[in-house]
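Here is what TrEMBL says about this protein:
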type	residues	note
COMPBIAS	350-360	compositional bias 'Acidic residues'
DOMAIN	67-128	domain 'Homeobox'
DOMAIN	131-332	domain 'TLC'
REGION	335-369	region 'Disordered'
TRANSMEM	39-56	transmembrane segment
TRANSMEM	140-160	transmembrane segment
TRANSMEM	210-229	transmembrane segment
TRANSMEM	264-284	transmembrane segment
TRANSMEM	304-324	transmembrane segment
Amino acid sequence: MFQTLYSYFWWERLWLPENVTWADLEDRDGRVYAKASDLYITLPLAFLFLVVRHLFETYVATPLAGLLNVKEKIRLKATPNAVLERFYAATTKHPKQADVEMLSKKSGCTVRQVERWFRRRRNQDRPSLLKKFREASWRFTFYLIAFIAGMAVIVDKPWFYDLREVWKGYPIQSMLPSQYWYYMIELSFYWSLLFSIASDVKRKDFKEQIIHHVATIILISFSWFANYIRAGTLIMALHDSSDYLLESAKMFNYAGWRNTCNNIFIVFAAVFIVTRLVILPFWIMHCTVVYPLDLYPAFFGYYFFNFMMVVLQSLHIFWAYLIIRMAQKFITGKARGGAGPAGGSQSDREETDNSEEEEEAAKNGPLSN
């Protein structure tokens, strides 16, 4: 049964155009082609990324945070209360008014005390400013290096300047060592993001982030299987071109460098819109949708690859709307609380709220519980 499923999964008509077989993509005469087995290495590499990330955050990001004077806000702890803690853990972190009144009777606290307890308890679970800075530092470092490496891989290739070259000779296109390592490192990194997403800072677009990581992993893997490597390298480099700008804006926001953060965010917004809403749909997707049909009839792999591109493009439109809205508030002076656009953007806001106790602490100095 397993062998039957395996045969159906790797049926050539799913992955390759008509009159092309897997035998045509076997290594010969010094020409090397992409193979599904190549991707096995990405899983151990993903765990290696997690180890490298831990070391980076401990020995590089943390000292850097100290140099940039990243300071934690004072947080008051909630008084231990078994009744409220059980409700917080088992039911909800945001009780309704009826729940608050019920808990007030059960716990012997006033309604005001119950509301204050939940605010303080939520704040205890909020990720620290240092944790957010360390995460942003790690992603900034990877995206910047990946973008530079990606450009080095493709800038001297003819398909970087003429997109019709992407399909010249397809699918009999041999793989270059630089393309191999670019793919392995990018895919391994996205696996590591997926593995660590539960422990990372939880943001408002948590579900969209999961969809993005899964869609990216599927798209990179499928493009490797179907030998869409030239298109894949262009797409990966295009995505990395703006991500490091956002992460650097977050870093400066956490460090309190508001003007620097705001200026970088505006640059990021411009690069994001140009690359994700102009170049990607009107150049890259045009290349993957229109040009292949001049060479061979559409097949399942063609439809599947472009469907995943549409999924990613839909997420880009969603995020672009949030970015434009935030940039507009910033430019018109309506951004909230002077937090800076990178700190107030939907993608960077945690599922928590600020408390009046933090404001009191800021006014009155350090307070003990």
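Note: Cβ is positioned from N, Cα and C throughout, glycine not excepted.
Nobody curates TrEMBL annotations by hand; they come from automatic prediction.
Keep in mind that what you see is a predicted model, and the values were worked out from it rather than measured.
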For the transmembrane segment (39-56), sequence-distant contacts whose Cβ falls under 8 Å of one of its Cβ atoms, 6 or more beyond its ends: 137-138, 141, 184-185, 187-189, 191-192, 195-196, 221, 224
Secondary structure composition of the domain 'Homeobox' (67-128) [DSSP: H/G/I, E/B, coil]: 36 helix, 0 strand, 26 coil
Long-range environment of the transmembrane segment (140-160) - Cβ separation under 8 angstroms, sequence gap at least 6: 56, 166, 168, 176, 178-179, 182, 185-186, 189, 230, 233-234, 236-237, 240-241, 243-244, 247-248, 250-251
